[in-house]
Structure formats: structure tokens, C-alpha cells
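Just below is one structure, and these are the notes that go with it.
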Amino acid sequence: MIESHKPFQTAKPVLEKIIQAGFEAYFVGGSVRDVLLHKEISDVDIASSATPYEIKEIFSNTVDLGIEHGTVLVLEGGEGYEITTFRTEAEYEDFRHPSAVTFVRSLEEDLKRRDFTINALALGIDNQVIDYFEGKEDLERQVIRCVGNPLERFNEDALRMFRAVRFISQLNFQIDPATKEAITKLHQNMANVAVERMRVEWVKTMMGIGRKAGIHELLDTNLYTVCPHFNEMREALVGLGDNQMTRLTELQGWILLAYYADLSDKQVKKLMRDWKCSNQLMNNVATGLMTLRKRLEQDYDFFMAYDCQKELAMEVEAILPSLGGTSDQRNLEAVYKDLPIHQVNELALNGHDIIEILKLEKKGPIIGKAMNLMKEEVLRAKVDNTKEALTDLLLAADFV
Ligand SMILES: Nc1ccn([C@@H]2O[C@H](COP(=O)(O)OP(=O)(O)OP(=O)(O)O)[C@@H](O)[C@H]2O)c(=O)n1
């Protein structure tokens with residue numbers, strides 16, 4: 001297994017060095033799960049019996065990521081590896097004082113505190129998969145099940161409830177009944193989790209192939225009631241789950257959700273802001289939604305194309321058939337090709353020219369009005385984008 005996967009192969013010398021120094025070390029977490037699911041892996045996590053201080057003695061090049069959480073980044077062969085010391089029953093033991101670390105740590109103790117059985121697998125340097133909690137069986141049964149007592153796992157970190165929903169969607173798995181029952185019971189606890197952490201899980205839920213199943217569990221467990229604005233959006237969430245598109249990008253997910261919820265521009269922006277999305281994403285979702293609504297009524301014209309960048313328009317185009325519209329990428333390409341200007345600075349006249357032509361004393365609101373007039377007339381294809389034609393347009397206009 002190690003030899004047939006590049007990330008494991010390149011990380012193998014790191015494991016070897018730790019073991020040679022007299023400690024235990026294993027690959028753990030998502031990479032082991034994903035390899036068993038025959039998925040590509042990009043990075044690997046390592047768990048070890050060595051404390052961060054002991055790791056720092058073994059390797060010359062390290063970065064302290066969170067020594068108090070027992071994590072050090074080791075830089076070896078141009079790559080970075082996160083090495084975490086086996087965690088024990090104590091929430092996070094304090095590794096800041098090496099002398100204070102007197103716990104007997106074991107791989108089993110560490111895996112016992114992980115969220116789901118499919119994430120509690122370890123891979124040893126001898127290529128053996130260590131599976132104390134029937135994680136491999138759950139991978140085969142396609143079930144998301146907590147390690148041990150679900151109430152305890154969710155009390156350790158309430159975000160894990162949303163992680164369950166995310167894995168259901170990402171892997172198209174089912175949820176184990178006891179795990180589901182615990183989420184239903186404890187869903188309120190997620191209200192204390194940072195929105196940024198919740199957003200990561202929600203975005204992965206929207207983008208997964210099992211979106212319908214993931215959203216179903218989000219609703220069925222009432223977990224959605226502690227997500228920003230989702231209380232008022234139950235029907236829209238059902239719509240997003242039922243939508244026939246198999247895969248969505250993040251942008252398409254938000255646009256569709258806002259579409260099904262029939263949100264106004266202002267409401268979209270509030271939703272995105274409360275989910276702590278970037279301004280860029282917020283603006284793209286708002287513009288994408290506006291374009292989507294128009295496209296369900298009409299073909300692209302210069303105005304729509306100008307307002308919506310081509311990449312964004314392509315994403316909107318892909319959504320249309322799932323809402324009963326017709327996508328026409330060829331027309332979109334043609335409109336973009338013919339678009340007289342893509343942004344306002346492509347106009348043949350700029351602010352200085354306007355001041356000169358209109359003999360203005362100083363800068364003022366008239367410049368904005370003049371720019372807008374030129375933009376509209378050029379996009380309407382009434383006026384050519386040339387200095388002469390635009391000068392005539394400005395001189396004939398009444399700006400008062
Ligand atoms: N709240 C959490 C977060 C993580 N983990 C454990 O830490 C590992 C790594 O977590 P993370 O990198 O967040 O997720 P992955 O499982 O690796 O999934 P992916 O990389 O696909 O997001 C998980 O597999 C799991 O064993 C956990 O027990 N509880």
C-alpha cells in the first residue's frame with residue numbers, strides 16, 4: 001500500500017527516522033481512509049508516540065504548528081509533514097512542558113478519540129492497516145459511525161456533527177442510527193462552533209456526490225436549525241438536495257440555494273456575510289443569481305454579459321437545464337466575442353477627456369453620469385466606441 005501511493009512513499013523515510021529513534025509512528029486519518037476507497041491522496045498525516053520536543057530532536061528542520069496540541073511540522077525532502085503526538089483521554093494534554101508529560105500514550109488511545117470509524121484507521125510502515133473499531137467494515141458497508149459512544153465524540157467537538165453530514169455527502173454513505181440519534185439529541189451544541197468551521201463542512205456538503213443524502217440528514221437531525229439563516233430556508237435546502245445536477249461547484253451551490261429561497265439581492269448578501277464568505281464570493285453569487293433569473297427569461301444580451309464575467313456566466317449556464325431553462329454556451333461565446341467593451345476603462349474617453357469636452361471646472365458627479373451614458377449607449381450598440389462618436393454623444397446630452 002505504501003509503495004503504490006506516492007505521498008506515502010515520499011513520507012516513508014520520515015516514519016523510518018522516528019521509528020529508528022525508538023518511537024512509534026503511523027500514517028493516520030483521511031489518507032488511509034481515502035486509499036482504502038481507491039481515491040487519490042495528496043497529503044498524509046502522521047501520528048507518533050514521540051512528543052513534539054522529541055520530534056524536534058530527530059529532525060533538523062521543523063516548524064511549531066501548535067505544540068500545546070502536540071503538533072509539529074517536519075520539513076523533509078522539500079515536503080512538509082504534520083506529526084501529531086498520540087492524544088489521550090485528557091482533552092489536549094499540555095506538551096509545553098516536557099517534564100509534565102507523564103502519560104502513557106498509545107496508538108489505540110489516540111484512535112479511540114477520533115470522530116468516525118472510517119477516520120480511525122492507521123497504516124504502519126509494515127503496510128498493515130490497524131483497525132480497532134471496524135472502520136474497514138464500515139467503509140465496505142458505506143456507513144458513517146462514531147468511534148465508541150457518539151455522545152462523547154460530539155461533546156468533544158460539536159463540529160463533528162456537521163462533519164458526519166459532510167462525509168455522507170462526500171462519500172455518498174449512510175449514517176449509523178446511533179450516530180444519527182446523538183446528532184439529533186445534541187444538535188444545539190453546534191451553535192457554539194465558529195461559523196468559519198461550519199462553512200467548510202457546508203461547502204463540502206454542497207459539492208459532494210451524495211448531496212441529497214447529506215442535506216436530508218442535515219434536515220432530519222435538526223442540525224440545520226443552528227446554521228445561519230437555514231431555519232428560514234428549509235424548503236430551499238430540500239430543493240438544493242433534489243436538484244438533478246450531480247456535482248456542483250461552491251458558487252453554483254450558493255446560487256441555487258439563494259434561487260430556491262427566492263432571496264433578494266440584499267438577502268443574498270446578508271446570507272453570505274453571515275456565513276463569513278469572502279466579498280468576492282458574495283458578489284459573484286449575487287451577480288450569478290441575477291444572471292440566472294434573467295437567463296430563465298431571455299437570451300444573453302450585451303448588458304447581461306457585461307455585468308457577468310464569462311467564467312461566472314459559464315457556471316450559470318450549466319445550472320439552467322436543472323431549472324427547466326436551456327443552456328446555450330455557443331451564444332454566450334458569441335455575445336462575449338462581440339461585446340464592445342468588457343469594462344468601463346475600455347471606453348475611448350476617460351474622466352479627463354470628459355472634463356475637457358464638457359468644459360467642467362472640476363471633478364463631480366457629472367463624470368459618473370457621463371461614463372454611464374457612454375457605457376449604456378455603447379452596450380446598446382447605438383454609438384461606436386470611438387473618441388469622435390462619444391464626444392458627439394456627450395455634447396448632445398443634457399446632464400443637469
Ligand atoms: N473534529 C475532528 C477533526 C478531525 N479528526 C481526525 O483528524 C483527521 C484529520 O482531519 P481533517 O484533516 O480535518 O479531515 P480528513 O478526515 O483528513 O478529511 P479531508 O482531508 O478529506 O477533509 C480525521 O481523519 C479524524 O481522524 C477528528 O477526530 N475530529
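Note: Cβ is positioned from N, Cα and C throughout, glycine not excepted.
Residues or ranges marked as domain 'Poly A polymerase head' by TrEMBL: 25-145. With DSSP states grouped into helix (H, G, I), strand (E, B) and coil, the domain 'Poly A polymerase head' (25-145) comes out at 36 helix, 33 strand, 52 coil.
Here TrEMBL flags G30, R33, R114, D157, R160, R163, R166 as CTP binding site. When Cβ atoms from all protein chains are considered, those within 10 Å of R114 (CTP binding site) total 24, not counting its own.
Under the heading ATP binding site, TrEMBL lists G30, R33, R114, D157, R160, R163, R166. Over all protein chains present, the Cβ of R33 (CTP binding site) has 23 other Cβ atoms lying within 10 Å.
Feature annotation from TrEMBL assigns Mg(2+) binding site to D43, D45. On its own chain, D45 (Mg(2+) binding site) has F27, V28, G29, G30, S31, E82, T84 as residues at least 6 apart in sequence with a Cβ closer than 8 Å to its own Cβ.
The annotation domain 'tRNA nucleotidyltransferase/poly(A) polymerase RNA and SrmB- binding' is assigned in TrEMBL to 172-230. Summarised as a single figure, the pLDDT of the domain 'tRNA nucleotidyltransferase/poly(A) polymerase RNA and SrmB- binding' (172-230) averages 98.
For 249-393, the entry in TrEMBL reads domain 'CCA-adding enzyme C-terminal'.
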Residue pair R114 (CTP binding site), D43 (Mg(2+) binding site) - Cα distance, angstrom, rounded: 18
Fewest other C-beta atoms within 10 angstroms, as judged across R160, R163, R166, which are the binding-site residues: R163
Inter-residue Cα distance where the pair is D43 (Mg(2+) binding site) and R160 (CTP binding site), in Å: 21
Collapsed DSSP category at R160 (CTP binding site): helix
Maximum Cα-Cα separation in Å among residues G30, R33, R114, D157, R160, R163, R166, which the record lists as binding ATP: 21
